[in-house]
Structures are given as C-alpha cells and as structure tokens.
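As annotated by Swiss-Prot, signal peptide applies to 1-26, with the evidence given as experimental evidence. Residues or ranges marked as Zn(2+) 2 binding site by Swiss-Prot on the basis of similarity to another entry: 77, 395, 396. Sequence annotations record features per position, and here Swiss-Prot assigns Mg(2+) binding site to 77, 179, 181, 346 based on similarity to another entry. According to Swiss-Prot, the feature active site, phosphoserine intermediate maps to 128. The Zn(2+) 1 binding site annotation in Swiss-Prot covers 353, 357, 438, and the record cites similarity to another entry as its basis.
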C-alpha cells in the first residue's frame, strides 16, 4: 500500500459506504493487511513484492467510523522514514518488515514545524517540545515550549481532556519523564528544561511556585495525577519544593504524600495489580534516560571506508531488572483497561532521537526495534478489544541516511553488516557540531482501529490532537 492522496479519497468513499457495518469485535481482519514480508527469494520474479492480492475489500472491512473507547498513541522520537528503513534493513533484512510499525493498514504523512516566538513565522525544523505541544494541544508553538502557545499561554492537553471525561490516563517513555514528549501531557511551562524547582526558578521564573506559578514539570505532573506514568527521571525527585503546601519536602516525599505508589524495577512493576486516582502509579527505572538496547561505535569521518563493518551488541547496562518499553506498554494497558470509560495512553521510544544526535546507528536501530515491540503489544490488545485506536508516528525527522558503502561522504559514517549479510553504510552529515540535528521532512503516521482512516493522505501534526479528541469524543 502506497501512502498518498488517491488512497485517502478511496478511503473516504469506503467510510461513507460501509461505516461501521461490522461490529469491531466481530470483524476478522485479513492477515494480508498486516503481513508485509517479501513473498519469496529477492532475486526471483515477484520475490521482493510484499502484496500478493487485491486489498480493496480487506481495507474496506478494516474501516470503522464508530467512536473509540481507548487510544494508544506511540511516538518514535526522531523516527523519520530514514530511521525506520535503517532499522528494518539491519534487523529484519531488505525483504523483512516490522510486525508492529509496518503492520498498521492505514498510512499517511504529516507536516510538522514550529513557530518563531517573536514573529509567528514558521520554523521549519521543530524540536520535541514544540512538536509534542502541537499534537497534545492542537496548537503550534515555539521550540522549547511545553503545553503553551507562542504567547506563553497554556492550552489543555489530551491527557487533561481524557481525565476530564472520566478516562484512565497513562504516559510511558524511555526518557526522563520530564523530557519534552512525556512532559507535554503533564505540564505547561515556558521552557522545556524546567524539570524541577531548581531549573524552574532560573529558566522559567514565571512558572516557579515561589513566584505564584504552577510549578516545575514534575510538580505539575503530581497535580495532574495521571493513573500510570513509567520511565526514567528519578533524579529530579530528589529536589526540594521551594514554596506551596509541600515546601521543604523532596518531590518524592510529595508524591508519596499525595498517595502515589512508586516502583523502581521490573519485579515491583509486575506486582502492581491496580492503578487509579486513589493510588496512581509512578515507575522510575533510571536516574535519567533509561539504558538503550544495543551498543556500537559512533560514526566517524570516512568510517565506512576506514573501519570494518560491525554488528550491534546488547547493552550490558540494560539489565533484566529494568523493564523494556514493550513490558511497560503491556503493564500500562493492563492497568488502564480496568476503567469502564476507557483510557488514553501515550508511549514514547525516546532514544531513537538521542542516538541519532550522537551519530550512533546501533543505538538508534535498537531503540526502533524496541518501539516496534511496543507497537506489537498495542496492536495485539486493539485487535482483541475491538474498541481501541492505535496510532504510530514520530515528532520530527532526523539525520541518518543510507548511502552507498563505498562513498567518501563529507559527514560521519559507519558500516554495519545486516541480517542479510550485506553491508549497510549509515551517514550523518547535517552538523559540524558534536550533535547531529533534526530535519524538517514530513513524517509517516499510521493507524489501526476506529476512525483510523483520519490519518490518511496529508495531515498536519496538530491534526493528531483533533483526530484523537474526535475518536474519543472528548469534551471540555
């Protein structure tokens, strides 16, 4: 299936004709919608093709315009089409596919950009804060903004709306939970690094509690009170509140006083049987960002020419007591589904971006594989449940490119040996600084479940807010 406008038109017609003709739970999805493995030997006639039959009827039957009870939004931070292709080629082979990321039947592309704070003109390369603000609130903002517009005014986000409508809420990330993507659902601050009271006093003084503001990201998170929040960022909880009811207490002590349950390893997470407004759950599994899955050398100048091809290795720091993204996703779903009104859950694979910044292809690939496994968990639940919309996308594109192995590229390069046994050269060349940069290329967005057709064709990142709000029938 090729994403694009003709498909969007045909889907609109199909929606009008079929609507929700079949109850979602009774529908048997055609397996050919999800299996995109190459059908034979790549060297044979038709061997590389991924589709063997006409899928028109299968696509029609997959459509539903009914409201969703639940939404699971999965974000690959920095996961542009190039990052997906790099990871697929290495981990699954040229004819392989990701059973999560590549298996959602309805696909589109969306534009993403931020705005200059002073002029309101487009800034064509967004950061993660402005992008998360865009899909969580429906408002474009400046780079660094968390839940506020270019005038620094807060806007209600999807998690707040879901709570207002009686739904359970969850937020999962492999980053510090105060990082931009998860933070946009937890707080409203004028600068993205205002994790705790110390940084907020210096960087976001108007938000600081001692100045009459709503507080740091972590302090606002504790007030927002999502049912389940899992990831890294434990270090910030050692900071002390400067004002308010909990002045002089650490943020961890405040969380405990507010009735939160805090877990710190996989066994403790597995032991949790319920999480709700009476006792919300916080999982803090690392002081900062959680350890990545795979390690390998960072790219170097002419690394593809001067260094041998390598294979990625498991990260020994990601020990068995640290939950994976898939395990956190499964547990969040298990806990949130108990709410009879449904739930909204955001899941982020955060370090695709962070490893791209570091020009580390193995790190980037492992995090994409991790996200795919989380998507598989979400899809499995949605297929069994029949009332869940699953959406997979990214916040911005990034810097990795696949180049011919023998190319003398001007940037940083690394040669890998793929599952096929073939050389794969990855290049990072958009910055002479220590960190590679985001790019402004439009992004893939794909979906499965009720109202999934609304992601097809060309949309904008802010459309995602309205797509989810409409699907869940969220009201102010």
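Just so it is clear, glycine is given a Cβ too, placed from its N, Cα and C backbone atoms.
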### Listed recorded positions 128, 179, 181, 346, 353, 438, filtered to Cα within 10 Å of residue 396 (Zn(2+) 2 binding site)
128, 353, 438
#### Entry: residue 346 (Mg(2+) binding site): tally of other CB atoms within 10 A of its CB
28
### Other residues, Cβ within 8 Å of 77, 179, 181, 346 Cβ centroid (Mg(2+) site)
75, 128, 132, 173, 175, 180, 182, 183, 184, 348, 350, 395
### Query
If you measure C-alpha to C-alpha, which of 128, 179, 181, 346, 353, 357 (recorded positions) come within 10 angstroms of residue 77 (Zn(2+) 2 binding site)?
128, 181, 353
### Task
Report the residues of the chain - excluding 353, 357, 438 - with C-beta within 8 Å of the mean position of the site's C-beta atoms, for the recorded Zn(2+) 1 site, in sequence order.
77, 78, 128, 354, 356, 396, 398, 399, 435, 436, 437
### Query
How many Å separate the Cα atoms of residue 357 (Zn(2+) 1 binding site) and residue 395 (Zn(2+) 2 binding site)?
15
### Task
Taking the Cβ of residue 128 (active site, phosphoserine intermediate) as the centre, count every other Cβ atom within 10 Å, in any protein chain shown.
27
### Summary
In this structure, the one of the binding-site residues 353, 438 whose CB has the fewest other CB atoms within 10 Å is 438
### Query
Far apart in sequence but close in space: which same-chain residues, 6 or more away, have a Cβ under 8 Å from residue 179 (Mg(2+) binding site)?
128, 173, 192, 233, 289, 350
### Task
Let me know how many other Cβ atoms fall within 10 Å of the Cβ of residue 395 (Zn(2+) 2 binding site).
30
### Task
Have a look at the binding-site residues 353, 395, 438 and say which one has the shortest Cα distance to residue 181 (Mg(2+) binding site).
395
### Message
For 357, 396, listed as binding-site residues, tell me which one has the smallest number of other Cβ atoms within 10 Å.
### Response
357
### Integer Cα-Cα distance in angstrom, residue 346 (Mg(2+) binding site) to residue 438 (Zn(2+) 1 binding site)
22
